[in-house]
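So that you can see what the record holds, here are the features copied from Swiss-Prot:
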- Ser24: active site, schiff-base intermediate with substrate (ACT_SITE)
- Tyr57: active site, proton donor (ACT_SITE)
- Thr56, Gly72, Ala73, Ala74: substrate binding site (BINDING)
- Ser24: pyruvic acid (Ser) (MOD_RES)
Amino acid sequence: MRKLVGGKLHGIRVTESNLEYHGSITLDPAHCEAAGILPLEFVEIWNKNSGARITTYVILGQRGSRCCVLNGAAARTCQPGDELIICSSVYLDGAEITNLSPAVLTFDANNNIVERLHYSVTRDGAGHYQFGIVAEDGEILQPPLKSGMRQKRAS
């Protein structure tokens, strides 16, 4: 089994840090559902401001709140306004990778969803892996892709 990307919240901003809590990250259930992230699921958090990388579990906040609250020890690594990448994982046999299509959500400064993307791995005629980023409208985007900036795949 290999650890692969299950879903991603890219560029979501910390709305609060709560040191006096038992731990975890509190997220808007609507964001979690759209990215396929479950309550109590362990996620990796990468802070784009500080470079800190931590692992914690998800608890659900109020639906529609757009919250991203770091709790307990995690609050020491992320401050309100910090931009994060939150990534869940799945474990699959490598042969199953072409069946995987993790959701990737990008966010504006107010934690509104800007883009709903999916990662796609296929094999070409020679059996080589091909990686793509697929937009909600089905457009294939060229990696690397800057958040919020579409680049069409070269023909």
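Backbone N, Cα and C atoms are what each Cβ position is placed from, and that goes for glycine too.
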If you tally other C-beta atoms within 10 angstroms for each of the recorded positions Tyr57, Ala74, the top scorer is Ala74
If you measure between the CA atoms of Gly72 (substrate binding site) and the residue listed as 'active site, schiff-base intermediate with substrate' and round to the nearest Å, you get 7
So Ala73 (substrate binding site), by the Cβ count within 10 Å over all chains shown, scores 14
Near substrate: residues not in Thr56, Gly72, Ala73, Ala74 with Cβ within 8 Å of the site Cβ centroid are Gly23, Ser24, Ile25, Ile54, Leu70, Asn71, Ala75, Arg76, Thr77
Note: among recorded positions Ser24, Thr56, Gly72, least Cβ-dense neighbourhood at 10 Å is Gly72
Tyr57 (active site, proton donor) to Ala73 (substrate binding site), Cα to Cα, whole Å, comes out at 12
Ala73 (substrate binding site) to the residue listed as 'active site, schiff-base intermediate with substrate', Cα to Cα, whole Å, comes out at 8
Integer Å value for the Cα distance linking the residue listed as 'active site, schiff-base intermediate with substrate' with Ala74 (substrate binding site) is 7
Pairwise CA distances across Thr56, Gly72, Ala73, Ala74 (listed as binding substrate) top out, in Å, at 10
